[in-house]
Amino acid sequence: MGERGVWRQALLWLAVCVLGFGAGAVHQWQTGRVGVLGDYAYIVDTAWRIAQGEVMYRDFGLPHSPLTFHVQATLIKVFGFSYGVTAWYCTVVNVGYVLLTYGLVRVSVSGWSGVALCVPLVWLAPHCIYPHPFYDPDVCLLVLLNLNLLQWVATRRVGAVVAFLGGVTTVLPALAKQNVGYPYVVLVVGVVVWWGWLRGRWVGAGAGSRGGGEGESKEEGTAELDVVGLRWFGAGVVAGVVGAAVWLELICGLGNYWRWVFASASRRVPDWIVKSAYKSYLMWFVWFCLSALALSWWLWQRERPAIKPFLVMGVALVFWFIALIVATQRDYLLWSWSAVLVLGWWGWQQGRLMNTSSWLGLTSLAFLLGPFVAIGLTAGLVGHFFTTAYHPVLFLWIPLMILTVLAGLWHLPSALFSSRLMWALLPWLTVILTFLSFLSQGYINSSYGIWAFFVLMVAYVASPLTGNPRQPLVCWGVAITLTLAAVPYVQRNNRLCYIDQQGKVQKITSGPLFGFTSYGPYLDNFTELLDFVADHIPKAEPVVCIPHEDPFYAVTGRRSPLPMFIFDRTSNPFPPERVLEEAERRQVKWVIVKRILQFGSLAGEAKGLPEVFSEKYSRVARLKGYDILYRSAPAQVDSP
């Protein structure tokens, strides 16, 4: 790369840095607009317990992986508990998120087109949508970091120690979120084994039939992989997995970890989440058949290049029409956009391969950009009508995933033997991890942390257009329309529709929660509670909060006396009677019951708890949003 190329790359990275700091600025703006008490309390109060020496899965149970909580506990140990520290942590995550995404986008799309695809992340970086620390943004950030390290090791001749340490980081996503992190580790292991050990043997054995490895490398436009570095990276992966297992065994015990993170968590996944994640099973099945058809056609075309492309288009339309008849009505839009995107991408491929007239290229361009333009216009013109989580911008996820699967299958035979490891890996990794992420709360609620995967899928499907003068138009068109749709989505807090956003905006002006902002009376009520606790409840006496929607323990410096935590469906597997029994056994005298909830549905998930405690405890005070229950001498369960 000459001096001019170096300056060009520096200018591109400078532009991406501006985008990254823009995402950080949007988060700071969002922090001053809205706060989610229950989710924030879940993270920081858990981290507070860890910072005080308690051990997850042994001293108290949680159905989530430990890394996010331990990171926040470390920040508490270093800086003390402060809302400002957690806010700046999220800002840093946003900046790094954008930079790491661009590092992978440029594998598929270079130049200013790659920068363009990162523009929507100014608004769609995870903490622009959700302003507090959480495991979904953390796991995506760690995946992006590890993929950048893998790409660096595979394409640069780095030292063995650097490659090994890069491999060790592969296990970090598994410690951040189990349903995404563990499949990611398996995918990386498969990739390293294939490109580090097996691919060279297959390429060598079939060099004659494929024209030799050198020609392939030139065709791909990339240097041969550093196989030695990949093998050291693989050794680091093994060491990381073993080290994580040893750490978990020494700290909390692998049995406890398995019981809470896998067995307990899987039993409480409701059916509606699975259905929302998979949408119509038929839809996925039919599109899988179409993908197989596309791959078969590609293989046939290698032997019969004169095949008429319109035959395949007709077959695809027939499949689409049949599936439309039997699909549910809610799937019609997803089906339509899926078909439009696939036909647009496929038509562009034909125009590139067969040098057909420009009308096919223009039609394909219209098909590719059509759904994005429709979403941008819909969100911009009538976005104020969308007040729930079902915002139009989210309906692009499944069509884009289907297009990525088809594009990945199209290039699979050549990609497996290409030296472009990351380009071959990205379509499958992004689709699989996105699909698994949706198992948490469906594509409507689980997509906020993984918009980088969306951008990487767009980059991949646009990569075959490299050299075409219309590629920048596709990339910038997607970037502009997606940004237009993202701004009202973030501004109206559609993802946070589950909390009350009515009433006057309140902000904490002093103390460790300085700067925390929310709508409604909740912060004033919480401040009144803190004053009452400071005046009437000795710090040595244990206090139980029901259903635990406030960061009570981190703010007051107290410790929760129970082995269970927030009393929602996901985190608490115990019936109300068991919780009461545990409170009596631990000599709990004070119980705080929150009546007015920011997250109203939490009352239903904690149903029965206030009633069983009211039978044994007496109400001694009634504050604006809380009831204070007291029992002077609770009997122990094992007492005579």
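Every residue, even glycine, has its Cβ placed from backbone N, Cα and C.
Annotated by TrEMBL as transmembrane segment, the relevant range among 86-105, 106-125 is 86-105.
Looking at the stretches 25-43, 44-62, 158-176, the one that TrEMBL records under the feature transmembrane segment is 158-176. Within its own chain, the transmembrane segment (448-466) has Cβ neighbours under 8 Å at 97, 100-101, 104-105, 107-110, 113-114, 117-118, 120-121, 124-126, 129-130, 134, 136-137, 139-140, 144, 345, 348-349, 352, 396-397, 400-401, 403-404, 407-408, 411, 423, 426-427, 430-431, 433-434, 437, 474-475, 478, 495, counting only residues six or more beyond its boundaries. Contact between the transmembrane segment (158-176) and the transmembrane segment (232-258) is present: at least three CB pairs lie under 8 Å, with pairs separated by 6 or more positions in sequence. Between the transmembrane segment (360-383) and the transmembrane segment (86-105) there are fewer than 3 Cβ pairs closer than 8 Å, counting only residues 6 or more apart in sequence, so the two stretches are not in contact.
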